[in-house]
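Listed in TrEMBL:
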- Gly116, Gln117, Thr118, Gly119, Ser120, Gly121, Lys122, Ser123: ATP binding site (BINDING)
- 54-63: compositional bias 'Polar residues' (COMPBIAS)
- 7-235: domain 'Kinesin motor' (DOMAIN)
- 33-67: region 'Disordered' (REGION)
Amino acid sequence: MEGGGGNIKVVVRVRPFNSRERDRNAKCIVQMKGAQTVLTPPPGAEEKSRKGGKSSNTGTNSAPEGPRVFAFDKSYWSFDRKAPNYAGQDDLFSDLGAPLLDNAFQGYNNCIFAYGQTGSGKSYSMMGYGEEAGVIPKICKEMFQRISAMQVADTNLTSTVEVSYLEIYNERVRDLLNPANKGNLKVREHPSTGPYVEDLAKLVVQSFSEIEHLMDEGNKARTVAATNMNETSTREIEVARNVLSHWRRRNYVRMVESVLQHASLLKEAQVMSHIMDKHVFFQFAIVDVGQNMGSSYDLVLNGISGDDDMALDDAKKPCIAVRVIDFKHNVILLWSLDKLERRVQAMRQMHQYIDRPDYIQHFKLENPFSEQCSPTYSLVGDVDVPLTAVFESRVQDFSVEVVSMYTQNVIGILRLSLEPSAAQAPSSTLKFNVVMRDLVGFAEREGTDIHAQLFVPGISEEGGATTTQIISGFDENPVQFESVHSMSLPLNSPRTSTLKVSIFALVSSMHLDKLLSWDEMRDAPEAPPQKRKAPRIAESEYFQEERHDVFAGVQILELAENGEYLPVDVVQANSLEAG
């Protein structure tokens with residue numbers, strides 16, 4: 001920032017005591033006089049120093065130097081609101097924010113860097129809290145006010161405001177406006193424009209309210225370290241964890257009771273299907289939160305009747321349903337527990353008269369093991385895509401995992417993009433394009449005639465679903481959709497709206513076998529290790545390899561005059577010579 005006599009301003013701010021410091025009866029040793037900050041040693045520091053305190057500069061024993069004075073461009077006293085020299089958020093903005101805007105509108109780069117330990121008040125000064133807005137919100141609000149005033153003075157003037165929000169935490173750079181990008185972004189340097197962050201989202205905004213919304217979303221994605229200086233965050237996390245644990249205990253106990261109550265019915269249906277050779281298998285399944293079973297345009301595809309739709313849709317999620325795997329028609333159905341009870345009664349009647357054709361000819365019994373109009377295609381997986389980019393009129397690419405609603409296993413990776421649409425639309429409607437690219441990981445041996453259904457739960461009306469073309473003959477390769485679908489949203493739709501992409505296929509018996517065996521594989525107890533009847537003897541028991549250093553001595557004896565052999569000196573010419 002352009003300051004008096006230089007390009008950098010350094011200011012300091014002292015905050016009030018927090019609850020932890022008040023409980024410890026802490027004393028303030030900071031005073032501020034104009035631009036000066038004065039640090040006064042606490043009482044008793046001189047006595048402690050005489051008993052063995054060391055100076056940090058010389059390493060020798062020394063007495064306290066007394067009050068120390070530091071000069072800055074500004075010293076903000078925010079310790080006591082009743083003090084005449086109290087500095088609030090408005091003072092910070094007038095001294096730092098307003099000059100920053102002046103320089104920015106003149107074409108200069110600006111930066112405000114807040115430095116301090118955890119809990120020192122950096123976030124409060126920069127972002128604020130509640131009604132006490134910080135420097136950044138005040139700068140953004142004032143910026144749009146200046147732009148509006150300039151456009152009133154010059155009607156030909158246009159402006160574009162782009163927003164980015166990143167976090168550097170533990171040497172990792174994260175994009176807070178694109179939480180899906182969880183990787184460590186790279187910091188690059190352009191030879192002309194200087195440093196920049198690669199793949200950092202830049203969002204175009206039209207008003208301060210849009211920036212405010214983006215700041216709220218970004219703050220939710222921030223990493224907050226739970227430290228002793230930040231006790232409030234820790235307490236809130238603990239409360240949320242306790243509430244979640246209580247919810248899980250209550251709901252899972254209720255689901256277990258439902259399974260126990262209907263386990264005998266499901267087993268009875270399984271036995272009657274085997275006796276009457278119907279090739280239908282029944283399993284309990286969990287319908288979780290976010291699985292929309294109530295869209296009227298996909299009832300036929302899912303094989304759900306209107307009554308079952310209401311029973312599953314109105315049930316408190318997560319809830320228990322019955323997965324019906326029909327090998328005769330190669331389809332997967334989903335029944336409510338009420339429907340299971342009704343169908344088991346019909347199965348009993350059919351089983352009672354199955355061997356008495358003279359009686360059964362007087363009854364018009366429908367097949368209780370399957371549907372009259374059995375669906376051709378089965379839902380193999382779905383995914384929810386956030387529509388935040390649609391409201392912000394920007395392009396966003398997605399590579400998302402498609403999860404089976406029956407097993408919660410990933411069946412493939414779907415790649416798609418959301419793009420703003422240039423098509424004419426009413427002012428109360430948002431038009432956007434969904435570019436379907438491909439599905440990776442789903443093999444044709446598990447199902448063919450792959451197609452996707454796109455709709456916005458709770459917003460798309462009947463017939464409002466968009467369906468891709470049917471893809472077949474892809475073998476082990478990715479399923480190439482390569483299609484663009486135009487969709488729309490009411491302008492007042494919640495910003496948390498999502499696009500549900502459901503993948504349907506003409507499934508094979510192999511896919512049904514995987515579903516049938518999934519529960520058994522998941523719940524199978526670990527087999528105890530089997531002991532060998534004749535355990536193999538370890539090699540170390542009958543063979544041992546060792547290495548030793550061998551030292552050899554050579555002695556040469558020479559016949560002396562007295563007839564005795566006496567040793568003579570031997571000198572080795574080369575110490576590395578073998579011999």
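Heads up, the Cβ atoms here are built off N, Cα and C, so glycines get one too.
Quantities reported herein were computed from a predicted structural model and do not represent experimental measurements.
Taking all protein chains in view, 12 other C-beta atoms sit within 10 angstroms of the C-beta of Gly116 (ATP binding site).
In the three-state DSSP scheme, Gly116 (ATP binding site) falls into the coil class. Listed binding-site residues: Gln117, Thr118, Ser120, Ser123. The one with the lowest count of other Cβ atoms within 10 Å of its Cβ is Gln117.
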